[in-house]
Structure formats: structure tokens, C-alpha cells
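Enquirer: Input: one structure, supplied below.
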Amino acid sequence: MTGLLNGKVVAITGGVTGIGRAIAIEMARNGAKVVVNHLPSEEQAQLAKELKEEISDGENNVLTIPGDISLPETGRRIVELAVEKFGEINVFVSNAGVCGFREFLEITPETLFQTVNINLNGAFFAIQAAAQQMVKQGKGGSIIGISSISALVGGAHQTHYTPTKAGILSLMQSTACALGKYGIRCNAILPGTISTALNEEDLKDPEKRKYMEGRIPLGRVGDPKDIAGPAIFLASDMSNYVNGAQLLVDGGLFVNLQ
């Protein structure tokens, strides 16, 4: 198979559901060898098996790795196993994240710490591990952080979540400065309202869905596949001079003030 990512090895955290899954599928279709991290559970293992069956090209182009991304050692393990399997890593997509809607006055320390550890701390250590390997290889690379429109605006029921996504955006900007001298590009994608498990309950409510769609100039909520295209662009050589950028993928939601 040939494509925009032919010959590249890509690792994705949180890659068996939602946005991560869509990115994994489309990157494989564009010729990449794909390493997919997922939570160590029976359900996620089954999803990983199904994903592998869907995108495998018969040439052993997919590796799935269970692991809790909130643990610093998980990022290192993903990179180590990716290199052991495919010899190198060229693209790293930090996607794993959680978002349970909560009233600010009722958020417990446990909920906050879990959200920060998964969404931000885990991303930091995984990105660091990927960058260390890319520097060792001496061939540059591309690191993509999946942030959110929530990095730019507030959310009454997301006070534990929005700071982590703002943190991802800031992390990608700072790593762009820190790693540019090694030829490693770091960029953020900021999805708007995307139909995933994170907002499944909200989108089941006809009134809430109508309200959400009414605020989006394109008139629909996004599909996970809508994020895959921008991710492929940032992973590919077409974006060789794109570094420290934030790519808002929201159907026009952010700019619609009326």
C-alpha cells in the first residue's frame, strides 16, 4: 500500500475507540505501520483485536499494546515495543483522554487527579519518551497532541477537563520550541463537538443535539474521521514547515458568536 504516510511508523495512545481509532484506520490506509495503545481491559482488548483485523494488510503492519497511559512507564513501553517491532518511530499521536461531566462544586480530588494524570501527565511522559527516541534516531519526526476546543473556551461542567486540554495545547507549543532543533515538529489538533463516547449521552438527547448542531455553521456534529485527515496532514511530509501550530477542527463552532 502507498500513501501519504508510506514507510512511516506511527504510535497512537487511546487508539481503539473514537478519534484515536479513526486516526489509526486512516493512517494505516495511507501506508503507515501503526502501533495502537489501549487500556488493559477485556473490552478494550477485544476492540483492539477487531481494529487489528480491520486495518491489517497481511504484512504485519499493526501492533496493539495494552497500558494505562496515566503511568509514566506506559509511554516508555509503547515506544520500546514499537521500536522492537518496527525498528523506529516517526510519528506520535497523544490522544488518550477522559472527560466525565461534573458540577464544579462536587468534583472530588480523586476525579481531578485521575483526569489530570490521564489527559496531561500521561501525555507529557509519553510525548517525552517518543521525543527521546526520535532524537536518538536523528531523522526528525512529528508529534501530534489531541487537545480540544475546550482549550480555548470554558465549560461549566468541564472545570477538571478544560485545564488539561489547555495544557496539551501549551505543551505542544513548548515542545515545538524545545524539539525544533532536532527536526521534530510538534502540533496540536483541537476538535470541536465530535460524536464519541465522551458526549454520547448528550447527543442522545434530541434537544441537546439540535442545540449543538444549531451552533455549528456546518450544521452537524463532527465524526471521528473528520479529525483523521488533519492528523494525516500533520504526520506527513506535506506539513514539513508546520511547527507549534494549533489546528481547530470544529465545523466553525468557535467563530460563531451570533
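Heads up, the Cβ atoms here are built off N, Cα and C, so glycines get one too.
According to Swiss-Prot, the record shows the following:
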BINDING   Ile19, Asp68, Asn95, Tyr161, Lys165, Ile194, Thr196  NADP(+) binding site
ACT_SITE  Ser147  active site, proton donor
ACT_SITE  Tyr161  active site, proton donor
ACT_SITE  Lys165  active site, lowers pKa of active site Tyr
Enquirer: In Å, how long is the longest CA to CA span across Ile19, Asp68, Asn95, Tyr161, Lys165, Ile194, Thr196, which the record gives as the NADP(+) binders?
Expert: 24
Enquirer: Quick one: what's DSSP say for Lys165 (NADP(+) binding site), helix, strand or coil?
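Expert: Lys165 (NADP(+) binding site) sits in a helix per DSSP.
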Enquirer: Specify the secondary structure state of Asn95 (NADP(+) binding site) as given by DSSP, simplified to three classes.
Expert: coil
Enquirer: With every protein chain in view, how many other Cβ atoms are within 10 Å of the Cβ of Ile19 (NADP(+) binding site)?
Expert: 28
Enquirer: Counting only residues 6+ apart in the same chain, whose Cβ is under 8 Å from the Cβ of Tyr161 (NADP(+) binding site)?
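Expert: Long-range Cβ contacts: Cys99, Thr115, Asn119, Ser150, Gly155.
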Enquirer: Translate the DSSP assignment of Ile19 (NADP(+) binding site) into the three-state scheme.
Expert: helix
